[in-house]
Amino acid sequence: MMSGVMLLVFAIFLIIAFTLIYLAIYFKFDETTYTKRLQVMIEYIKRTNADEPTPNVIGYVSDITQNTYTVTWFNTVDLSTYQESVHDDRNEIFDFLNQKLQPVDRIVHDRVRANDENPNEFILSGDKDDVTMKCPAYFNFDYAQLKCVPVPPCDNKPAGRYPMDERLLDTLVLNQHLDKDYSSNEHLYHPTFYLRCFANGAHAVEECPDNYTFDAKTRQCKVNELCENRPDGYILSYFPSNLLVNQFMQCVSGRHVVRECPANKIFDRNLMSCVEAHPCTFNGAGHTYITADISDAQYFKCLNNNESQLMTCINRIRNSDNQYECSGDSRCIDLPNGTGQQVFKHADDDISYNSGQLVCDNFEIISNIECDQSNVFENKLFMDKFRLNMQFPTEVFDGTACVPATADNVNFLRSTFAIENIPNHYDIDMQTSMLGKIEMIKQLVSKDLSLNNDAIFAQWLLYARDKNAIGLNPLTGEPIDCFGNNLYDVFDARRANVCKDLGKSVLKTLNFGDGEFLNVLSDTLTGKDEDYRQFCAISYENGQKIVENEHFQRRILTNILQSDVCANIYTTLYQKYTTLNPKYTTTPLQYNRILVKRPKNIEIYGANTRLKNATIPKNATTISPVFNPFENQPNNRQNDSISPLFNPFQTTDAVWYSEPDGDEAVAPPPTAPPPPSEPEPEPEPELPSPLILDNKDLFYSCHYSVPFFKLTSCHAENDVIINALNELRNNVKVDADCESAKDLSHVLNAYAYVGNGIGCRSAYDGDAIVVKKEAVPSHVYANLNTQSNDGVKYNRWLHVKNDQYMACPEELYDNDEFKCNVESDKLYYLDNLQEDSIV
């Protein structure tokens, strides 16, 4: 007994030991690798053994991945691995016969590529030549996967039902792809299974209902003959979905036919006989039935034993409980019998493209592809203020799937498109001034990161001025004369149209001459400035520079004229600071044309000079001649001599002057009698330097070709004026509410809105420079820092820092110290041409 147990234990031990040894050998030994290496060695011996003996080690290419390959060296004695190395076939190739690596003399970029002429084939690029390889039958080469893949069962087949042959059963039901010849059974089909192909290329394996067989010719499920071996008159318990409530199936001559109950009777499917009753009497609530007077998409549903409700569906079906119900999706209604595919298209004034696809089968949605149509330019601003008025999608449908939208898969319907500017402080609408060219869109969606979007935008613009028009129709690109109540072009502000009849016709065309400019805030569109000579006109022909020239300045050196603010203020200051003793002057200083630079193109010459006190009274009855040679001349009693008729050295106390219009129409003055002898006068005090009003600088701040602000810099060429300016600037009067705007005093007529309904303006009141609070603010701004309503700084000469306001020429402004380094011999005056100069 004991010896038997020992033998059993020993046997078990041997079995376990043998199993372990076998498994160790099995896992260590790779039969496939052994076979490959044996074949490699045999092939090498066949080719070289006649010339030289078999070497101890042989190498071969054991693995290839694109341009990278692995060379495995093995011992010829036991086929064990000697070593492995990885190489790039673009640098070196392995010569099998010579068993060595050699430099390449033919660069191969793709070792494997598809054969464009036959999808079943692919091409291998060898070191010397190309080799064409074939995939198994019913397989095609897929370059993306670099392998042969099964041909889809619905490839090149329209939507519908197809019989299942042996190959389809193997691949779709048994899920096995066999490389065998199916031609011998190509006309044999499964009796109930069939292949359903959808419009999008998808497929499904379906089966006919019980008692039905798939007919390969009609591609429909047909009911099996149920009356075989049954007597005539036999009533079948078979109720097709289209059988009415008063119909039943009965056998006649071995075939089933549809029979109807007598009038006013229904067929009770429980009693299997015709009865005179309501269809709901025996079936109750929830029972469904159909009659001959309703459509194929309707049925009746019992509410109780006596009443029923007509139900209307997209598609009527019968469920597993043999009750009718609604199915289908309303989106499939437009397809024939609710089956097929519908490609969605988007089209607007600018572009068209496919946006998706709907695939339906029997009113059921098989697939619904909706590509991302969000506008790629939705939140993009160009040059910080322009939007492209175009709905360019993120994706389009290419026939199989959604792909990124490009200039190649989107159809452009027009050569131009509309551009809108964001709302601005002056309500300037620029959509009629310029349009975008389609080439702009093509470059913007090219995904070339090296391109600057703003530069592309500026490069591809069509301007109204290019067509010699005031405006362009944003939709058609054609020149227009009206667009609303008025029309103007900010890129060419020399003219504008005032329109009537809601923009249907032109009331009048304005051509702005000297002293006039486009005022976009005025109903008349006209502003007045005597100095303006279309200085903001854009002279660039380069379209990119035109749109980039948004804010710029024009500086003009010109003459001070009689009506200038420079002349008015400087004359007032001169009179105030040059008050003399009356006994030393015969007339007070008057401002006249001698004091200013004469206007250009007007030359005035004095033909003669005359005595100011020698004028002829208007009411004189007798006019004495200026020179009478027969008049008795007075004698000099002291030396008994006669005085000359004209003595150029004679002294007089008259003031000499020249009339502004010359002396051609003025008679010479009569000779004044010699003055009575007077005591020698006291010495005269030193007269002040003469008032000279000569030059001024004009600075125009332009928004494209529209002037917004004007800064006048009046040159002071008189010590009295310079000293007066210095005294005025050192004694500025500021209202308490305008303390934060006290530095407006550097520039007269400068305005700042400081919030809380307070507007401050600098002025000269004839006595001092004041910064006064306006009774009602001239302008109220939403953004105090920019003094505008859109966050854009238009006034380049008004500066805001830490809630403090300063007016100062840009070149004199020190932002770090918030200081204006005003020039002592200059007076500055600011005009808000758009908001303050409305005519």
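Quick reminder: no glycine exception, Cβ is built from N, Cα and C everywhere.
Keep in mind that this is a model prediction, so the values were computed, not measured.
According to Swiss-Prot, the signal peptide annotation covers 1-23, on the basis of sequence analysis. The annotation zinc finger is assigned in Swiss-Prot to 148-197. Summarising the annotation, Swiss-Prot assigns N-linked glycosylation site to N211, N306, N337, N613, N619, N639. Summarising the annotation, Swiss-Prot assigns domain 'Chitin-binding type-2' to 224-282 and lists sequence analysis as the type of evidence. What Swiss-Prot lists as region 'Disordered' is 624-644, 659-690.
Neighbour density around each Cβ, counted as other Cβ atoms within 10 Å, peaks among the glycosylation sites N211, N306, N337 at N211. Per DSSP, the secondary structure of the zinc finger (148-197) breaks down as 11 helix, 12 strand, 27 coil. As a whole-number mean, the pLDDT of the zinc finger (148-197) in this prediction is 90. The separation of N211 (N-linked glycosylation site) from N306 (N-linked glycosylation site), Cα to Cα, is 34 Å. For the pair N211 (N-linked glycosylation site) and N337 (N-linked glycosylation site), the C-alpha distance works out to 25 angstrom.
Secondary structure by DSSP for the domain 'Chitin-binding type-2' (224-282): 0 helix, 20 strand, 39 coil.
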